[in-house]
Amino acid sequence: MVMENKFLFLGAPGVGKGTLAKQVANTTGLFHLSTGDIFRSVMQEQGALSQTLAHYMNQGLYVPDELTNQTFWHFVTTHQNELHKGFILDGYPRTLNQLEFLQSKLQLDQVFHLKLSDPQVLVARILNRLVCPSCGSVYNKQSKPPLKANQCDRCHATLQARNDDTEAVILKRLTLYEDTVKPLIEAFTKQGILTVIEAQLPLEQQVNLVQQLVH
């Protein structure tokens, strides 16, 4: 499959990776491909793949690499018209197995790793996070509060904090992320396609840095 402008955004939970990816997609016209959006789209289809995926998702189970790979590639091959100008991957690949599958199908042009030097800053961000259970919009009590307290700006549903957003759980998730992403970072570094972006920079500055490398 011939496709230009293939980019990946990496970052720990709560670092702002999704926000940056969406902003860059909006300014460049590239398609924003998040794992969650792909899963939700495929689950709405009729067929064995959607049923198998729903079995894991509806029970909150970990989706195996093989199924994740199959779901990702199914989405890509059935949305070629939307993706022909290029896309931004957000949340995939997460493991070496997923990376090996991806690179057997296509080659990434650039990888951006959004990184926070101080993990306590990230902990504070996540502890202040509010999520809309209806449309998935994400807010922050300090840096991105909703217009009306505890109400989603888009669909007006009541915002919620995640039950597992505690400092101990967050630090555990960060450690797990670092262990999981380390071999990916090493692989992308060897390939010469990794760019590290400091997550404490203002969003506009992050976008400008990315746009210098995204054509």
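Just so you know, the numbers here start at 1 and follow the chain as drawn.
Cβ coordinates come from backbone N, Cα and C, glycine included.
For GLY14, VAL15, GLY16, LYS17, GLY18, THR19, ARG129, VAL138, TYR139, GLN211, the entry in Swiss-Prot reads ATP binding site, with the evidence type sequence analysis. Residues near GLY18 (ATP binding site) in space but far in sequence (CB under 8 A, at least 6 apart, same chain), listed by position: SER34, ASP90, GLY91, VAL138.
Marked as region 'NMP' by Swiss-Prot: 34-63. Model confidence over the region 'NMP' (34-63) stands at 90, taken as the mean pLDDT rounded to a whole number.
The AMP binding site feature in Swiss-Prot is assigned to THR35, ARG40, LEU61, TYR62, VAL63, GLY91, TYR92, PRO93, ARG94, GLN98, ARG162, ARG173; the stated evidence is sequence analysis. Less than 8 angstroms from the CB of ARG162 (AMP binding site) sit ARG129, VAL131, each of them six or more residues away in the same chain.
As annotated by Swiss-Prot, region 'LID' applies to 128-165.
Its Cβ placed at the centre, CYS155 (Zn(2+) binding site) has 12 other Cβ atoms within 10 Å. According to Swiss-Prot, the Zn(2+) binding site annotation covers CYS132, CYS135, CYS152, CYS155.
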Mapped DSSP class for CYS152 (Zn(2+) binding site), helix or strand or coil: coil
In the chain carrying THR35 (AMP binding site), residues 6 or more apart in sequence that have Cβ under 8 angstroms from it: THR68, PHE72, ASP90, GLY91, TYR92, ARG94
Residues in the region 'NMP' (34-63) grouped by DSSP into helix, strand and remaining coil: 19 helix, 1 strand, 10 coil
CB-centroid shell, 8 A cutoff, Zn(2+) site CYS132, CYS135, CYS152, CYS155, site residues removed: PRO133, SER134, GLY136, SER137, ASP153, ARG154, HIS156, ALA157, LEU159
